[in-house]
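Beneath this line is the structure, given in structure tokens, with notes to follow.
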2 protein chains.
Amino acid sequence: MSGPIIVDSVAALRAQIREWRQTGLRVAMVPTMGALHDGHISLVRTALERAERCLVSIFVNPAQFAPTEDLDKYPRQLARDLDRLREAGAHLAFTPTVAEMYPAGFATKISVGGPSSGLETDFRPAFFDGVATVVTKLFLQAAPDCAVFGEKDYQQLCVVRQLCRDLNLPVEIIDAPTVRDSHGLAMSSRNAYLSEAELDVARKLNAVLRQTAAELASGANETSSTSAATDALVRAGFRKVDYVAAREAVTLAPWRRDRDGRLLAAVWLGTTRLIDNVEIPRA
Amino acid sequence: MSGPIIVDSVAALRAQIREWRQTGLRVAMVPTMGALHDGHISLVRTALERAERCLVSIFVNPAQFAPTEDLDKYPRQLARDLDRLREAGAHLAFTPTVAEMYPAGFATKISVGGPSSGLETDFRPAFFDGVATVVTKLFLQAAPDCAVFGEKDYQQLCVVRQLCRDLNLPVEIIDAPTVRDSHGLAMSSRNAYLSEAELDVARKLNAVLRQTAAELASGANETSSTSAATDALVRAGFRKVDYVAAREAVTLAPWRRDRDGRLLAAVWLGTTRLIDNVEIPRA
């Protein structure tokens with residue numbers, strides 16, 4: 001097949017979506033920051049199961065990076081991304097410039113409370129404001145019927161669901177499971193920063209989380225289990241552990257054994273920050 | 001005619017709008033807080049000139065009142081409002097409850113910078129966050145083609161324009177001139193709070209603003225003119241003047257004589273706060 005249509009303006013995006021909608025085609029969106037890996041491709045596959053047309057946005061959103069973070073070194077590889085989208089059968093790639101998304105004088109910010117409290121926000125205070133603002137813009141630019149988000153960024157998934165509910169954004173949010181390598185390491189564009197030695201350590205994160213979640217599900221004390229998990233991660237070679245925390249699965253409120261739970265973690269290897277999460281089955 | 005269809009749920013609203021849109025009818029929205037007066041009716045007339053169907057929302061939005069403000073005593077008179085909408089030829093009244101607009105767990109806030117700086121925000125810091133959030137929700141609930149806002153709330157008009165531009169909300173914003181009584185007093189639901197004696201004072205506000213704007217347009221010094229206007233308003237009987245300020249007409253940045261300008265004021269009579277504004281023609 002010939003590969004996705006590529007548009008970089010909101011006007012061209014809307015014209016194409018309108019054409020599809022007029023012929024009755026359902027449109028699914030996969031918002032990304034590019035540097036596409038198998039995790040993203042699985043989101044595209046989910047999108048194609050749910051709709052006749054799949055639109056993938058590729059936009060490294062400055063609003064969700066703090067000044068100290070990796071905006072400048074974040075991997076950008078558009079040609080390779082477009083090859084992967086062609087292979088996956090995506091129909092449209094939306095690749096706006098920063099000026100198209102945030103024209104001179106741009107001044108609006110969306111803040112979602114609830115599930116954005118704590119976890120990532122304790123370490124990246126402006127991150128979810130940036131996510132909520134760009135996701136709202138992308139949804140209003142493209143007006144998709146549904147959008148697919150990965151469980152890899154679990155707190156983001158919860159924040160986007162809350163955002164759509166609160167603002168009455170008429171977009172169905174579909175979650176897709178995290179794609180992992182054969183050692184359990186969650187696919188992430190930031191894995192590209194890791195050395196071979198760091199990769200060996202990174203591959204231990206998911207095992208520690210799975211074991212801790214199993215202990216919690218079997219009645220272990222929450223504080224001692226998450227604290228033991230932090231110790232185990234440091235012993236495994238992670239430089240720093242931002243958090244290992246059990247939460248209620250939908251609201252991300254404090255975990256309760258009688259509700260579906262989620263165990264979430266953020267850790268550092270050198271200058272690279274990795275996140276992962278696993279289910280805690282209810283008692 | 002039989003009067004507007006009345007709906008109080010988002011689902012019923014969307015169903016009716018979808019039906020209109022499917023038959024190719026253009027929809028104009030007039031967001032209000034009820035207590036409808038001739039100013040609102042003129043917005044409905046403008047809407048009916050621009051679209052085949054006119055939807056009026058009536059919702060006293062708690063998010064734009066501070067705890068110290070007049071949320072509880074704000075005039076509510078739904079039956080009378082519906083009579084006026086029937087006379088004016090509006091097709092649909094959307095009268096949601098607070099629980100329909102802000103269900104339990106609601107947690108999202110939209111902040112618009114730029115034109116929301118200063119003026120009203122100096123005295124009502126959370127006001128435009130409340131306006132931006134509810135306007136975004138109403139637009140996403142109803143998906144109108146266009147929406148009509150009065151120049152009476154001039155800063156709000158500028159903030160809504162900025163909001164739509166920044167978030168790519170696909171709604172055309174139409175402004176409508178302020179409707180005044182024969183003495184120049186701008187129509188406002190809050191005029192209902194005024195005694196006869198206070199009304200006599202209130203009617204002097206517009207004349208002072210018009211005279212000051214004319215002086216500014218003729219080259220008078222900005223600081224001395226606005227300060228003289230404040231003195232004149234106090235002498236006329238206003239209890240307090242929050243501000244009399246000249247601004248650039250679109251961005252509300254500091255006024256420049258070579259751009260279209262606007263003179264805005266907020267004043268108090270007893271416990272009632274009134275606002276008004278007039279054009280400053282460019283030099």
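Placement of Cβ uses the backbone N, Cα and C atoms for every residue, glycine included.
Copied over from TrEMBL:
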type	residues	note
BINDING	B:33-40, B:150-153, B:V179, B:187-190	ATP binding site
ACT_SITE	B:H40	active site, proton donor
BINDING	B:Q64, B:Q156	(R)-pantoate binding site
BINDING	B:Q64	beta-alanine binding site
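The Cα atom of B:S189 (ATP binding site) lies nearest to that of B:H40, taking the recorded positions B:H40, B:Q64, B:Q156 as the candidates. B:Q64 ((R)-pantoate binding site) is surrounded by 21 other CB atoms, counting those within 10 A of its CB over all protein chains shown. Within the same chain, the residues at least 6 positions away from B:M33 (ATP binding site) whose Cβ sits under 8 Å from its Cβ are B:I58, B:F59, B:V60, B:N61, B:Y74, B:S189, listed in sequence order.
Burial estimate for the binding-site residues (B:L36, B:V179): highest at B:L36, by number of other CB atoms within 10 Å. Looking only at the recorded positions B:G39, B:H40, B:E151, B:Q156, B:S189, the densest Cβ neighbourhood within 10 Å occurs at B:H40. Separation of the C-alpha atoms of B:G39 (ATP binding site) and B:Q156 ((R)-pantoate binding site): 15 Å, rounded to the nearest whole number.
If you measure from the Cα atom of B:V179 (ATP binding site) to that of B:H40 (active site, proton donor), you get 9 Å. The separation of B:H40 (active site, proton donor) from B:Q156 ((R)-pantoate binding site), Cα to Cα, is 15 Å. The distance from the Cα of B:Q64 ((R)-pantoate binding site) to the Cα of B:H40 (active site, proton donor) comes to 19 Å. For the pair B:H40 (active site, proton donor) and B:E151 (ATP binding site), the Cα-Cα distance reads 11 Å.
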